[in-house]
Amino acid sequence: MIPVVALVGRPNVGKSTLFNRLTRTRDALVADFPGLTRDRKYGRAFLSGYEFIVVDTGGIDGTEEGIETKMAEQSLAAIEEADVVLFMTDARAGLTAADLSIAQHLRSRQKTTFVVANKIDGIDADSACAEFWSLGLGEVYQMAAAQGRGVTNMIEYALTPYAEAMGIERQGEEEEVDERQYTEEEAEAEQKRLQDLPIKLAIIGKPNVGKSTLTNRILGEERVVVYDEPGTTRDSIYIPMERDGREYVIIDTAGVRRRSKVHEVIEKFSVIKTLKAVEDANVVLLIIDAREGVAEQDLGLLGFALNAGRALVIAVNKWDGIDQGIKDRVKSELDRRLGFIDFARIHFISALHGTGVGHLFESIEEAYDSATRRVSTSMLTRIMQMSQDDHQPPLVNGRRVKLKYAHAGGYNPPIVVIHGNQVSKLPDSYKRYMMNYFRRSLKVVGTPIQLRFQEGDNPFENKVEKLTMSQERRRKRALSHIKDRKTK
């Protein structure tokens with residue numbers, strides 16, 4: 001499971017600066033969730049080979065009263081759910097009462113914590129950082145987040161204990177990043193193997209949208225004995241089930257928790273828990289409340305799923321009991337605001353009464369099969385050639401862009417790598433045309449498809465040709481002949 005790093009500290013110590021630097025390293029999707037909290041941000045980051053979720057917390061002013069306020073609860077929740085806490089302080093301002101208060105709270109939680117003395121640029125860092133040892137949280141790490149000094153070393157040190165686990169996880173997900181070039185027979189055999197694997201389904205949505213109701217409806221219909229292994233208080237519940245001969249694992253993010261161990265605010269909605277579920281899933285089922293329409297939180301969650309490249313099914317819940325005028329308005333809003341994901345199936349359901357729930361699994365299975373389908377190199381190259389025959393690539397500087405061959409570059413989501421000359425100069429309109437052509441030809445439904453173009457560089461370009469011995473002799477005779485003619 002991908003580790004979570006929480007940035008904790010009093011206001012203006014550089015949490016947001018570090019957050020922005022970390023998330024920029026991978027063009028990561030960064031989303032604020034209006035209505036959830038105004039001072040907590042989430043992003044995916046990649047640095048020095050480590051992939052992780054980073055959380056920018058806020059709202060802790062360090063006072064005893066401030067720790068207990070509603071405003072601070074979401075930040076405290078981030079600490080509870082994090083694997084690693086970076087406790088950030090201001091080396092220029094020195095140790096404050098707020099720092100001491102936050103440190104006391106962190107010690108009581110017994111979290112893996114690293115004290116970071118930020119803003120060390122232009123000062124005597126060793127001298128300025130000495131007093132932070134009194135926080136009682138171990139070694140003090142020096143950093144200048146704005147300039148990037150010390151950031152990489154800090155992350156490498158903090159995430160080293162997770163390196164082996166992440167390596168094992170990547171091996172376990174080998175089928176999702178498989179770049180082998182299959183023959184027709186190999187692709188068919190691999191596809192058959194994948195049919196026997198359980199489909200991991202994450203059910204996500206904003207608070208009170210009906211996640212628990214839908215989960216219970218699904219399990220009740222199938223009469224499956226549910227077992228859970230909660231582990232720590234931040235783990236989602238994995239529920240195995242079978243439907244129509246196909247095995248599934250439902251990743252429940254609805255908030256099944258040991259209530260005595262966590263804040264009530266965590267029960268309702270945990271973005272971190274949702275992010276982890278999305279990362280671990282094959283297919284994401286996003287639930288939208290029909291009575292509220294498409295909210296900003298829905299778009300934020302949708303962005304997380306798309307950023308992770310997961311197959312997607314959308315369920316509009318609470319469809320029963322609303323009049324036709326509202327239904328027409330909701331459908332119009334879905335077309336307008338979700339037009340960019342026209343590949344995803346949309347279902348209108350009632351989780352409470354079971355209306356339309358059964359049809360969800362047809363789309364879930366369809367999306368999984370599309371996302372994990374193995375396609376041979378010869379098939380992809382044929383489709384690429386047909387797309388060119390139907391619509392020639394444009395001319396660039398008087399020369400036609402030439403596409404040579406295509407092969408698979410990964411799965412979940414499907415990635416097609418196309419090799420050719422001058423492909424970097426292809427206009428976006430032609431790339432979209434090709435993407436849609438591949439989608440129609442492969443009948444890809446419920447998952448984004450990505451095209452990557454690689455330039456077929458001339459291996460002899462800028463290379464001095466080495467002559468053979470016979471060529472060298474002919475060259476000398478020719479030069480001698482030219483020289484003799486000039487002297488006559």
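Note: Cβ is positioned from N, Cα and C throughout, glycine not excepted.
Swiss-Prot lists 9-16, 56-60, 118-121 with the feature GTP 1 binding site.
According to Swiss-Prot, the feature GTP 2 binding site maps to 205-212, 252-256, 317-320. All protein chains considered, the CB of TRP319 (GTP 2 binding site) has 20 other CB atoms within 10 Å. According to its DSSP assignment, TRP319 (GTP 2 binding site) is coil.
Under the heading domain 'EngA-type G 1', Swiss-Prot lists 3-166.
As annotated by Swiss-Prot, domain 'EngA-type G 2' applies to 199-372.
The annotation domain 'KH-like' is assigned in Swiss-Prot to 373-457 on the grounds of sequence analysis.
Annotation for GLY205 (GTP 2 binding site): spatial neighbours LYS211, LEU286, ILE287, ILE288, ASP289, ASP298, LEU301, ASN317, criterion Cβ-Cβ under 8 Å with sequence separation of six or more. Looking only at the binding-site residues ASN208, THR253, TRP319, the one with its C-alpha closest to LYS15 (GTP 1 binding site) is THR253. In the three-state DSSP scheme, ILE120 (GTP 1 binding site) falls into the coil class. Of the recorded residues, TRP319 (GTP 2 binding site) and THR57 (GTP 1 binding site) place their C-alpha atoms 36 Å from one another. Cβ neighbour count for THR253 (GTP 2 binding site): 25 (other Cβ atoms within 10 Å of its Cβ, all protein chains included).
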